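K.L.:
Positions annotated as domain 'Peptidase M50' by TrEMBL: 127-467. What TrEMBL records for 51-74, 126-145, 157-177, 197-219, 415-440, 460-484 is transmembrane segment.
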Amino acid sequence: TVLQSSSSLKASYEDWLLTYGLSVSPFHMRWQTALFNRQFYNWGRWKPRFLYLWFSIGMVFGIVAMFGSVILLGKTLMQTLTQMLTEAPKAQNDRMLQVVVSICFVLLSCPHKQVPGVNLPVSQLAYFFSAILISGVIHEVGHGVAAIREQVRFNGFGIFIFIVYPGAFVDLFTTHLQLISPVQQLRIFCAGVWHNFVLGVASLIVLFLLPAILFPFYYTGVGALVTEVTEDSPANGPRGLFVGDLVTSLQDCPVYSVEDWNYCLGDITQKSQIGYCINAATLQQLSFPARVYRRLDGTVECCSNNSLTDICFSYSNNLDSHLHACLPARKVIEASQVCRSNVDCQKDFVPSLCVTPSLENQTRLIRVKHPPHIDMLFVGHPMHLQYTVSLSSFVPRHNFLSIDLPVVIETFCKYLISLSGALAVINAVPCFALDGQWILNSFLEATLSSLIVEKQNRELVGFLILLAGSALLAANVALGLWMVTAR
């Protein structure tokens, strides 16, 4: 009786899943429905001439993308191998494609694997998974609408979740797909890559035009608005930065946007510490005797009282070029002109000197202006500011407007550009189980049928190309993961 009851319950459960188009297995859940079939057929029959032109352009783009992806991966592989052989450090821009290809392939094609050394912030997970799902849906809508345009029966649309990775798929009638011409097949197979490219371009346009789109509600070009300061940030404190502050300059570098903030921090990092002009008489008045000693990195420290307000400054006069004085930082810096040498301070016939903070290598003293508040004086590595302070270029025109909305739109657009573009590039590669496999096979049928008469020989050529493409992609992924974990 227990066995019969268990079997009956199992059968009822399976019938319920079948009724609602659900399929559940370990680590995988899938939902397929015919609810959207009418909408897909409406899209596929809307303006046939336009859709013919649209998917024909997509076909050309898909073929070019297939060859372009091979060239791109080949060039990247050669650069990585050269780096491994010479053991020379590789430029960040040159490494970017390798890392992106490996991470995106693992995340998009093998979501059950984790990438060591790559941590996605928890606050960004919603953007990440939403962008992946939307990119996947747009990709499959392209296949579905193109198939209906080419008179291929459309069975249904679905969404799946593999572990935590969301995706989409369309169910097409395979027999119809095999009966149409290779050119028609190309329009269908290239539609997904084409739609991902269009989605990426559309997101890029929205990102570029965002200041104009939000102009009635937000204005730009006046500074960088602080939207978040992490608890462990060196900018956190009573005289630090707060949410809602508007940063207008870093040292002598004006800040009108987030891009300026990043540029200024990068410029401050690359250049030597800037100095400040101080009246010679004031210098003698503020300085006090202290023991001078050298740090391990060769820099000089002259403030031995562990004060949080005093900093060791170095300067030179006509007699000695290696003088040091322990001075109260805020009194020296506030209302002072920046300088590189004493020559920059020779104005108004008042004897002045250029004093430069004597800090450890890579450490900088940075004056951050965020009026009407008192200037923040930051001592540390400039990148700590970049990583722990979040900003926006958009300032609300009214108090009831959220300061986070433009950031949300910006971030989401950037994720769409990255992930939709990655999906397009990866799927265009002539590799087994990707769109590139079917694009290649249809392309060979359309172009080589007169040169290579035997179908088996054409399939052999396609198989060898797919084998090479799969090996090329696998090599890029492997070396990309090595770069991510080894650096």
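Just so you know, glycine gets a Cβ as well, placed from its N, Cα and C.
Remember, TrEMBL labels are computer predictions, not curated facts.
Keep in mind the model is a prediction, meaning the values are calculated, not measured.
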K.L.:
Most CB pairs under 8 Å with the transmembrane segment (157-177): which of 126-145, 415-440, 460-484?
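P.N.:
If we count Cβ pairs closer than 8 Å to the transmembrane segment (157-177), 126-145 scores highest.
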K.L.:
Cβ pairs under 8 Å with the transmembrane segment (415-440): which stretch of 51-74, 126-145, 197-219, 460-484 has the most?
P.N.:
51-74
K.L.:
Between the stretches 126-145, 197-219, 460-484, which wins on the count of C-beta pairs under 8 angstroms to the transmembrane segment (51-74)?
P.N.:
460-484
